[in-house]
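Encoded as structure tokens, the structure appears first; notes follow it.
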Amino acid sequence: MDGENHSVVSEFLFLGLTHSWEIQLLLLVFSSVLYVASITGNILIVFSVTTDPHLHSPMYFLLASLSFIDLGACSVTSPKMIYDLFRKRKVISFGGCIAQIFFIHVVGGVEMVLLIAMAFDRYVALCKPLHYLTIMSPRMCLSFLAVAWTLGVSHSLFQLAFLVNLAFCGPNVLDSFYCDLPRLLRLACTDTYRLQFMVTVNSGFICVGTFFILLISYVFILFTVWKHSSGGSSKALSTLSAHSTVVLLFFGPPMFVYTRPHPNSQMDKFLAIFDAVLTPFLNPVVYTFRNKEMKAAIKRVCKQLVIYKRIS
């Protein structure tokens with residue numbers, strides 16, 4: 001009956017990050033620089049791994065896959081956020097909102113599985129080096145990638161299944177700069193308390209569960225290497241430091257958002273910026289630019305590009 005008294009929502013209005021002109025200018029510069037750096041860094045990694053024979057190994061295949069996903073991660077919400085910074089009316093269509101939610105959860109799901117695959121790769125390399133190439137065969141790497149995409153898409157469709165049949169008849173204001181599923185559910189015309197709980201439990205359980213799987217695997221790797229090598233402890237710590245740093249950067253913000261009992265709008269926005277802009281930029285820095293082989297490969301790629309530009 002209430003639906004007859006309201007028009008169906010066809011677009012959503014973002015409140016954005018801040019109304020301060022100075023902070024908006026700072027965010028514009030900060031976000032634009034990091035976005036361009038993220039795109040450039042991750043493309044360089046994918047291109048280097050694809051073209052350089054020295055990097056045709058399971059570890060770099062997984063790194064390139066992660067960089068490809070990070071290209072999506074920084075492109076789902078960042079361009080729209082940058083475009084809207086100085087706009088008075090920040091709107092997104094209903095279809096655009098659904099698309100944002102879909103790709104956010106696909107990217108998140110795929111990246112979680114890839115991080116588990118990379119932890120397994122490091123376990124085999126450190127604990128079973130003689131069997132590394134046998135276990136981490138091309139077939140195994142492709143299987144990891146197929147599972148990652150299957151689970152990522154399945155998780156996203158599962159989340160959207162809660163949403164597509166809901167009626168939105170007003171209000172249409174989201175206190176954010178992107179379409180966040182928990183906030184969007186609160187705008188539905190019907191009572192969505194149970195639905196919000198299920199979505200939070202689903203995302204929170206996946207984040208926390210994957211994080212603890214990775215944590216346990218790292219502890220097991222450290223213990224195994226320390227046990228079988230006199231200098232194993234420091235070697236393992238050095239090898240796993242990059243992986244654990246990226247895991248903390250990736251899982252920290254969503255775990256904080258989905259597991260705390262009392263949401264805070266400003267804190268959520270800060271964490272969302274961190275997750276959307278900073279994490280995809282830091283991943284290539286932490287994972288690969290500290291790697292001598294990767295740095296050498298990127299230098300070779302850059303030299304080839306310079307030579308090609310001069311010739312053309």
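Each Cβ is built from the backbone N, Cα and C atoms, and glycine gets one as well.
What Swiss-Prot annotates here:
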{"type": "TOPO_DOM", "residues": "1-25", "note": "topological domain 'Extracellular'"}
{"type": "CARBOHYD", "residues": "N5", "note": "N-linked glycosylation site"}
{"type": "TRANSMEM", "residues": "26-49", "note": "transmembrane segment"}
{"type": "TOPO_DOM", "residues": "50-57", "note": "topological domain 'Cytoplasmic'"}
{"type": "TRANSMEM", "residues": "58-79", "note": "transmembrane segment"}
{"type": "TOPO_DOM", "residues": "80-100", "note": "topological domain 'Extracellular'"}
{"type": "DISULFID", "residues": "C97-C189", "note": "disulfide bond"}
{"type": "TRANSMEM", "residues": "101-120", "note": "transmembrane segment"}
{"type": "TOPO_DOM", "residues": "121-139", "note": "topological domain 'Cytoplasmic'"}
{"type": "TRANSMEM", "residues": "140-158", "note": "transmembrane segment"}
{"type": "TOPO_DOM", "residues": "159-195", "note": "topological domain 'Extracellular'"}
{"type": "TRANSMEM", "residues": "196-219", "note": "transmembrane segment"}
{"type": "TOPO_DOM", "residues": "220-235", "note": "topological domain 'Cytoplasmic'"}
{"type": "TRANSMEM", "residues": "236-258", "note": "transmembrane segment"}
{"type": "TOPO_DOM", "residues": "259-269", "note": "topological domain 'Extracellular'"}
{"type": "TRANSMEM", "residues": "270-289", "note": "transmembrane segment"}
{"type": "TOPO_DOM", "residues": "290-312", "note": "topological domain 'Cytoplasmic'"}
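Mapped onto DSSP helix, strand and coil, the topological domain 'Extracellular' (159-195) counts 11 helix, 2 strand, 24 coil.
Here the transmembrane segment (270-289) sits apart from the transmembrane segment (101-120); fewer than 3 CB pairs are under 8 Å, leaving out pairs fewer than 6 apart in sequence.
Below 8 A, the CB atoms of the transmembrane segment (140-158) and the transmembrane segment (58-79) form 3+ pairs separated by six or more positions in the chain.
Sequence-distant contacts of the transmembrane segment (26-49) (same chain, at least 6 residues past either end, Cβ-Cβ under 8 Å): 17-18, 55-56, 60-61, 63-64, 67-68, 70-71, 74-75, 78-79, 81-82, 85-86, 273, 277-278, 280-281, 283-285, 288-289, 294, 297-298, 300-302. Residue with the densest Cβ environment among the disulfide-bonded residues C97, C189: C97, by other Cβ atoms within 10 Å. DSSP assigns C97 (disulfide bond) to a helix. When Cβ-Cβ distances below 8 Å are used as the criterion, the topological domain 'Extracellular' (80-100) is approached by residues 9-17, 24, 27-28, 31-32, 35, 160, 163-164, 168, 177-179, 184, 273, 276 of the same chain, each at least six residues removed from its ends.
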